[in-house]
Amino acid sequence: MRNKICKELNNTDIGKLVNLCGWVDRRRDHGGVIFIDLRDHSGFLQITINPDDGADLFKQAETLRNETVIMVSGIINERPKDSINTNLSTGELELKVKDLQVLNQIKNNLPFPVSIHDYENTKEELRLKYRYLDLRRGKLLENLKTRHKIIKVSREFLDNFGFTEVETPLLTKSTPEGARDFLVPARLSNGEFFALPQSPQLFKQLLMVGGLDKYYQIAKCFRDEDLRADRQPEFTQLDIEMSFVSEEEIISFNESLIKKIWKEVLNINFNNAFPRMSWQAAMDNYGTDRPDTRYEMLLKDLGGVLGDIGFNIFTKAIKAGGYIKSITVKGGNSSISNVRIKPGGDIFQVAQDAGAGGLAFIRVKGDELETIGAIKNNLSEEHIADILKITEAKDGDLILLGAGDKQIVNQSLDRVRQYIAKDLNLIDKSKWNFLWVTDFPMFERNEDENRYEALHHPFCSPKNIKSKDSDKMQKEIENSIANAYDLVLNGMELGGGSLRIHEANLQREVLKTVGLTDKEIDEKFGFLIEALEMGAPPHGGIAFGLDRITMLLIGADSIRETIAFPKNQQAKCLLTNAPSNVSESQLKELDIEITIDE
């Protein structure tokens, strides 16, 4: 049907007969000549039709609506000098049409303009409902091509190092991994269910037990969790696993992979090794294990200075084992008013939404500290000197303080730090600040359920477990550091991994630590325990979020911009109206009865 696409055309094609196919992006009638911007997947070309080309052809061109699918044949000409479009690669050319065929008419009015000339801020819900039209706008297609390039570069890199791509099952066993599973009823086993995998974690470990040595997969994963801009119920991981490797070898190898992706996609070189930071240092200084290191405002611990000054909120926090922490906003006295950090203010609200009761503040004015009387009246000169030394605050700076539960203080000041950095334009958006976060605790305590939860997952190997006695081992495990690592970029987690447990006894003890009984372990993970007893090699790996990597590389705000047909924030596909009801006969086949609570 066609012998060229738009972007292939150049000055060497002048005078040649070409066939092109595409959409009418825009039609204009100037002085009896019809100009049509023809759009295909590669770009644009102006085509011209005038009455001298034939009455029928001209009449047909007059009726063309935007987005009509056409095929045209004609001669490539050089545009007149005064009509050259320097914004297009084909802006010096035009096609003088000899023949035009309509391949498909527009039946209905379009729900939104597709032409880049008419591009408007279309609501995302409408874009998702008519995703095929949104794709035609070009930007999404470019995003998908970038995604494809990332996958292509990754495959080539891993193939060159002897990795084997293996597909693991999508219908698998429901196991407790953190988020809710998507369940699939098994018709041939009434009352039983498959689960869609939250990750290929256990299967890739079993591949290592099977001797594969080096594995990767572009893996579809599914998690039934609350959504946000960087989450979808189904998402894609670049999943990697290796045998007989150390933590250092895994980090070094995967750092090279990430550098290769950035080089091939953005032509950016990173010559130095990515910096590293322990989990504890990240929490102490940033309040999060995903720190954005492009700007300062580090958290500072003021518990030793302010815990005993007699201010009730501070006293209670320290007595309860909590924190008093601060961030310093340089020049904050002039850029942030009291209204914004008091109840009803936007910064106060950010802290409150993160669980804090509020914010205290201190303004540095010369050698004096300005704050509420209950704090200021109890500050000695020594207190003031210590505060200024720890916070590194100078004249004109604003110190914001949080006090209370450790987790809430860290979380609220982290959110406030991010909010202020964006608000005051403190972030250098040209920077790519990669960071390896290492030495995660194996577990965190769930006080509500009176048990431990794995910070990553219960298949991470703990460091320095020496005891073989079950009771002593259990105590060591509870307080251990994991052989785990995350790669963070500009405050977002790109991927995470660990060395895995390859000894059956240790794996059983770790699963007991998260609250499983021996019976539950055998029911849920018996196949894994049995495999580890049959000569499992030391192994480890990592999984990168492909959607998130693509989002960062294209500069998008949501991973929905990297996926051809994403779900909305209610986990619905607006294009197909999924999920939807199914017929009674389908439910009957599965012996499923639906009851809905009023």
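Quick reminder: no glycine exception, Cβ is built from N, Cα and C everywhere.
Because the structure is a prediction, the values reported are computed rather than measured.
Listed in Swiss-Prot for this protein:
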BINDING   E177, R223, H456, R500  L-aspartate binding site
BINDING   R223, D224, E225, Q232, E493, G545, L546, D547, R548  ATP binding site
REGION    201-204  region 'Aspartate'
SITE      H30  site 'Important for tRNA non-discrimination'
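The average per-residue pLDDT of the prediction over the region 'Aspartate' (201-204) is 97, rounded to a whole number.
Between the recorded positions H30, R223, H456, R500, R548, the minimum number of other C-beta atoms within 10 Å of a residue's C-beta occurs at H30. Spanning the residues R223, D224, E225, Q232, E493, G545, L546, D547, R548 that the record associates with binding ATP, the maximal Cα-Cα distance equals 19 Å. Nearest to R500 (L-aspartate binding site) in space, judged by Cα atoms and limited to the recorded positions H30, E225, E493, L546, R548, is E493.
Put simply, of the recorded positions H30, E493, L546, R548, the one whose Cα is nearest the Cα of H456 (L-aspartate binding site) is E493. On the backbone, the CA of R223 (L-aspartate binding site) and the CA of R548 (ATP binding site) stand 16 Å apart.
It is 54 Å from the Cα atom of E493 (ATP binding site) to that of H30 (site 'Important for tRNA non-discrimination'). Separation of the C-alpha atoms of L546 (ATP binding site) and H30 (site 'Important for tRNA non-discrimination'): 48 Å, rounded to the nearest whole number. Mapped onto DSSP classes, the region 'Aspartate' (201-204) shows 4 helix, 0 strand, 0 coil. Here the CA atom of H30 (site 'Important for tRNA non-discrimination') lies 55 Å from the CA atom of E225 (ATP binding site).
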